[in-house]
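Structure record follows, encoded as structure tokens.
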């Protein structure tokens, strides 16, 4: 029966060619990436670029999503922790996803389930018959059970029928292929015992029926017995433990139970089956539970010292904001965001300008402010070469060149680059002026216009020059004033190359050129 188990596994391995329908390029690229050596490159730069190229060929980030790439990495680790023979068998089938991997292992278990039951029934029958027949066996007559050991490069052994002798030859003779030679006919018909019993009925009712049958009584009275040749009890316990833990990877090799070989192979395989890291235990446990809840369970009779008990991993849910401001109750996803927000309540401005001493809440605000002193305009238009201090200003300017005007007024047909510009324009048709001054009752279409107007009543001048101390109501007025101190003249005449601080000065200057033409 053990021969049948080995044949079933070999037949399953031979079916690998049937599943070779998937593209194997992914496996080839994976092996190239894992096996790449530093000595294959001329230097660190070339080695890094080569690894990057091989990784992209394997994972294909432009074609796969993040979840698909993670699935590939988890599948690779899952195959790595499998026993070597099972890993090789699964890779031969080229599984394309986790469902396929789990399905392949389940199919192998189902295919080998019947041979496993046959081996168990055979062992139980020998245990029942051995005490009765051992006393009547000739001294030189021994029926040796074939050795069970971890599947390796074992030769395929065909299933043969065993003849039960009456007087028996001196010993069982095995051929070169491990095939048992047939005994002579004992001279009377022998009953055929059906060994294919289900696991549920291994203790009842077939045992009682077998003991009460007439044929069995004749068999027991004919001085026929069996003797199991086992070297020692330790090998027997190792064999049973092996069959319990790995019932689907045993095969037939040799003609006796070889205790040292069995023990050596078992210890090697047991050492290979290491507990994966905790972060992988959670993902692999979820993978197994989704496909088959019983696949990842530890066998009842196994003596594993540390069974796989994955611990739940706490993850942040999307949109979760655990950091709460104690002053206003506003929540943030990151602690750094909460720290920056709390500076609004405390009035802290840790970032100071070294030129004028002005302080800012954020470092980005300080960086933009320093461009006023340096005159830096890092964002340049590729069409007209005009430069800007902010990227958003450049994007809005580029729309004037591309004529990208997606916002159109339905009243007059005029188009705008920004939705806010269209909204302000619509107020000219409706005459709407929702923003009203409470001091004089004057109304305005824009909130900014109302804010500037209210400063005439309060005499507020919030924009102060750090060079001379002069204050202004509007920020643009301060910017123009600062050009006096910095000497900046951004408006240049295209005819005579003369520069001006204000656009109005450039326009008035250009009139002189036009007068000469007239």
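Yeah, the Cβs are placed from backbone N, Cα and C, and that goes for glycine too.
Features reported for this protein in Swiss-Prot:
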type	residues	note
DOMAIN	30-112	domain 'SCAN box'
REGION	292-325	region 'Disordered'
COMPBIAS	292-304	compositional bias 'Polar residues'
ZN_FING	323-345	zinc finger
ZN_FING	351-373	zinc finger
ZN_FING	379-401	zinc finger
ZN_FING	407-429	zinc finger
ZN_FING	435-457	zinc finger
ZN_FING	463-485	zinc finger
ZN_FING	491-513	zinc finger
Problem set entry | Across the zinc finger (379-401), average pLDDT on the 0 to 100 scale | 83
Exercise. What are the helix, strand and coil residue counts for the zinc finger (463-485) according to DSSP?
Worked result: 11 helix, 4 strand, 8 coil
Problem set entry | Intrachain neighbours beyond the zinc finger (435-457), with Cβ under 8 angstroms and 6 or more residues off its ends | 424, 427-428, 473-474
Problem set entry | DSSP helix/strand/coil residue counts for the zinc finger (491-513) | 11 helix, 4 strand, 8 coil
